[in-house]
Amino acid sequence: MLKFILTCTSVILFTAVEDSSCGKGGNYPISVYESYYGCKLKLDDGYCKNICGLHGVSYGYCYASYCWCEKLSDRNVRYWDYHRNNCKNDLLYP
């Protein structure tokens, strides 16, 4: 019985560690006005997906009344940072 309990505990712990270390990551994007994009829970998932597209990420949704973008790196959180980092126009960004 003790072996069974230890085995179950080990499986649960390894599963919890695996789930926490393999998260997709993401960020709340920041607008031109240096504020987060607000939304209504689950009603604005399409809006948030469009916002995330502006930040170079293909998927996002409304979470805790703000848009959340999956796999949005810290480098591209701000609207203009994404364009500076990815735009090839030397006249705008020397």
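Glycine is no exception: its Cβ is also placed from the backbone N, Cα and C atoms.
Among Cys39, Cys52, Cys87, the cysteine that Swiss-Prot records as disulfide-bonded to Cys62 is Cys39. When you check Swiss-Prot, the disulphide partner of Cys67 from the set Cys22, Cys48, Cys87 turns out to be Cys48. Reviewing Cys22, Cys69, the cysteine that Swiss-Prot connects to Cys52 via a disulfide bond turns out to be Cys69. Between Cys39 (disulfide bond) and Cys69 (disulfide bond), the C-alpha separation comes to 13 Å.
Mean pLDDT, taken over the domain 'LCN-type CS-alpha/beta' (24-88), works out to 92 on the 0 to 100 scale. Cys69 (disulfide bond) sits 9 Å from Cys62 (disulfide bond), taking the C-alpha atoms as the reference points. In the three-state DSSP scheme, Cys67 (disulfide bond) falls into the strand class.
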